């Protein structure tokens with residue numbers, strides 16, 4: 001995942017090949033297109049072969065990225081590598097559905113989400129040291145799903161077409177998936193913006209030395225890990241307790257209470273980090289990153305697990321819908337970051353982002369209270 005979000009590593013690539021902002025957006029856009037294809041393939045041919053093939057594709061095209069002599073080939077190789085690299089984050093939800101019961105999926109989703117969440121913070125650390133020292137581009141058991149032979153027969157073309165458009169149908173025709181995708185996409189877009197400002201602020205006083213930047217970013221890694229350890233058991237315990245109170249019936253909405261509470265950390269983080277960074281405080285921005293780590297983890301995991309529980313048969317397509325929207329925002333939202341921060345400064349720029357996060361807080365409450373009713377009244381024919 002560090003190859004997806006290797007911000008510091010990309011600095012050397014941008015300088016050497018003279019990349020513009022739209023060209024750099026391909027780094028995120030490639031992860032928005034891959035899930036549409038891989039979610040289809042894994043639900044037809046099973047998880048094992050598609051996951052293995054996607055990983056092999058990722059490794060092969062990464063070699064091309066390391067040896068590319070020009071910008072055009074770099075864009076092509078990185079796009080193809082991104083399609084392969086999106087296999088893990090797309091198929092992971094389907095694997096969790098196949099292997100775990102509902103009361104165990106919270107812990108499984110927590111562990112599975114380590115890669116996508118740690119990528120943005122581990123990437124700059126690895127990329128910074130590699131770019132500085134080398135000065136060039138370097139870079140399980142069977143998981144097959146069960147096919148239901150008693151289902152309605154379809155022609156191969158129908159299967160391919162339905163599987164290809166299924167994530168998009170879930171994204172645009174399911175109000176639940178649309179709201180959750182929008183919220184998660186905005187949060188992840190804000191994450192990419194935040195780490196862009198962190199990299200820039202840490203490069204100036206260190207004259208390109210990545211060690212200080214690595215220290216600051218490592219704080220976020222620790223926050224993500226602490227959030228995992230402190231809340232992974234409580235999420236599943238909450239589901240078990242609410243299931244017993246509901247006469248043994250487990251509802252996907254039981255994943256949302258912790259998400260509602262922790263969602264309030266996101267706007268606080270931007271106000272805290274933005275103004276403390278603007279005033280050039282030393283330790284206060286780092287404390288803000290700790291809050292951000294807790295908030296991000298406890299939003300990302302419940303939303304993904306909610307999607308898995310709501311669509312267990314097509315869990316991979318549901319996760320793909322989340323990934324597509326998340327990566328589209330991650331690809332294009334940071335393009336506005338430099339201009340916004342140049343015009344508004346770190347303080348007011350992050351204040352604007354904080355108010356955006358405040359507006360989105362009620363989304364999780366609406367899903368918790370009315371999600372079951374909405375799913376029944378607006379079913380998606382998949």
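Positions of Cβ are set from backbone N, Cα and C atoms, glycine also.
Taken from TrEMBL, the feature domain 'Major facilitator superfamily (MFS) profile' covers 1-382.
What TrEMBL lists as transmembrane segment is 75-100 (among others).
Residues or ranges marked as transmembrane segment in TrEMBL: 170-193 (among others).
Residues or ranges marked as transmembrane segment by TrEMBL: 254-275 (among others). Sequence-distant contacts of the transmembrane segment (254-275) (same chain, six or more residues past either end, CB-CB distance under 8 Å): 106, 187, 190, 194, 231, 234-235, 238-239, 242-243, 246, 284-285, 287-289, 291-292, 294-296, 298-299, 302-303, 305-306, 309, 346-351, 353-355, 357-358, 360-361, 364-365, 367-368, 371.
Here TrEMBL flags 281-301 (among others) as transmembrane segment.
Residues or ranges marked as transmembrane segment in TrEMBL: 313-336 (among others).
The transmembrane segment annotation in TrEMBL covers 348-368 (among others).
Note: the stretches the transmembrane segment (75-100) and the transmembrane segment (313-336) are in contact (3+ CB pairs below 8 A, sequence gap of 6 or more). Averaged across the domain 'Major facilitator superfamily (MFS) profile' (1-382), pLDDT in this predicted model comes to 73. Counting residues 6+ beyond its ends, the transmembrane segment (348-368) has Cβ neighbours under 8 Å at 176, 179-180, 182-183, 186-187, 190, 193-194, 197, 253, 256-257, 259-260, 263-264, 266-271, 273-275, 277, 299, 306, 340-341 in the same chain.
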